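Visitor: Take this structure first; my questions come after.
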């Protein structure tokens, strides 16, 4: 697009460009045309589990060497163990976010969790340790959601060697973005929730004081963050399911709102599918179980033996690799410089 | 640079900002209060050079260098007598010689060179050219005449313009009155409804105004003299490569859900009552509550009907599903796909 505009410097073309920008802006804001709906919605938990198992198998086949199958199961993490571990780290992530100073808006937590979940759909916990990825996700989400916290201030929220943490976060940032295919705009269910509340207050006046649903609704959303709902459903579906849940808790019926307002012009098929999706959201969110902590700790110990040392900031392999990379960059720079000086 | 000051009382411009320096024929400056003090009687000697001076001949010093003042004074005096014009001479060379002698006289007098001889020369010249001098004094120079005619012409033009303006105002007033009168007449005697009459009148007025504007837009040249509408004639721009003309196709929104309310509906259907009013800071940044409201609603409704590769028809009978929307216990018989 840039090429075209520079080639023909007509006035109309400048307008064309502005129009395009405006349209891009509009469409970018919309979920329906986002990368989230195109690339990061899975049909269900079955498909997600399949992807995760594949990532696990790829890692094992790369690193098993000459191990027998029995040795493999005792040495490497199984897909189930991986799932427990990443869920444990999701809990840690949320706790970290809740205690973060300065206090962060909800959408940052939502976005960082989505980053984290997306990352481990196609990557194994053994390849990248969730500890590092978790922090990087939060740091990146802060930037994406325009709640920028400089790295120095960011690591003040951590205990331990802060400089080391900062180095790890910055070195994993690019990897993370690459693994996310640079799909960084996340649509969270928080804004749709507000939209539904406004809409209900305006178009469904028979409900008295809809604000009383808010508490249960927000609890539902909070709970949905623990599940894979954000990888399966659109944010508006999650939000509507939450509102419906909140309403039923308060003894309010949203039937009329859903049927006569939302589904007024929808086809039968659409209406049917949407209601089905709502029920699925509720089913998945309600089915969430707490993470068994002791088990998670044991898995973490096991991970120390089978993790990819090349991606461990504490290992010698990693340090050596980083140094080589630095040298390489330096080499390239030197070559460029000598080339420039030759030419001039 | 030296501070300007009175040589007698040593007051400077720095110490007394309202200091006024005066100068007389001899070219030595004195401050105003010293002049008052020394020349109480009306005349006296210059404290610096002893030249006898009159109080009435003191004037404000304009140039910083008092010598310049003195030279100006002398020149004025000399030119009063040496007032021949170019046309009094047979040729340019003679005129230039004459100017040269004037300059020499002025220079001699202001620098005290051969004062006596010069003065004698002036006297001699005066005597020789007595008649000539008087004649020239009475005769106005050609330049002055030209200036006078210019001023006269300008005054005349201004008067004419003023008259035209007044007439224009009068005409406009009369026209307005006429229109109003005709409107009232129509309202009184016509059978049409009052609304129609008023609207038709309004249209007429508008048309007239447009015509007038067209008539006025007769300027054909910019103030620089370049003709309007002939820009490409004398200025050759670089030939631009013409790209394809852009056609804007309005964006088709894929809501993938129920259509959210438009901006107008947000304003009219009372959505804004249910949202926090924008603070002054937000408004200064260009954010209205309607913008936030619009975005929240759009986000809420957009993507409601998004079913990525939904698995085989979820519910066996569609009608039953639609009717059992509210039953929260319906999740119990969900298909096994979910687990």
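Yeah, the Cβs are placed from backbone N, Cα and C, and that goes for glycine too.
What TrEMBL says about a protein is an automatic prediction, not a curated fact.
Remember, predicted model here, so these are calculated numbers, not experimental data.
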Visitor: Need the matching range: TrEMBL marks region 'Disordered' on one of B:292-315, B:316-339, and I'd like to know which.
Guide: B:316-339
Visitor: For the domain 'RING-type' (B:6-49), what is the mean per-residue pLDDT, to the nearest integer?
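Guide: Averaged over the domain 'RING-type' (B:6-49), the predicted model reaches a pLDDT of 85.
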Visitor: Tally the residues of the domain 'RING-type' (B:6-49) by DSSP class, grouping H, G and I as helix, E and B as strand, and everything else as coil.
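Guide: Going through the domain 'RING-type' (B:6-49) residue by residue, I get 7 helix, 10 strand, 27 coil.
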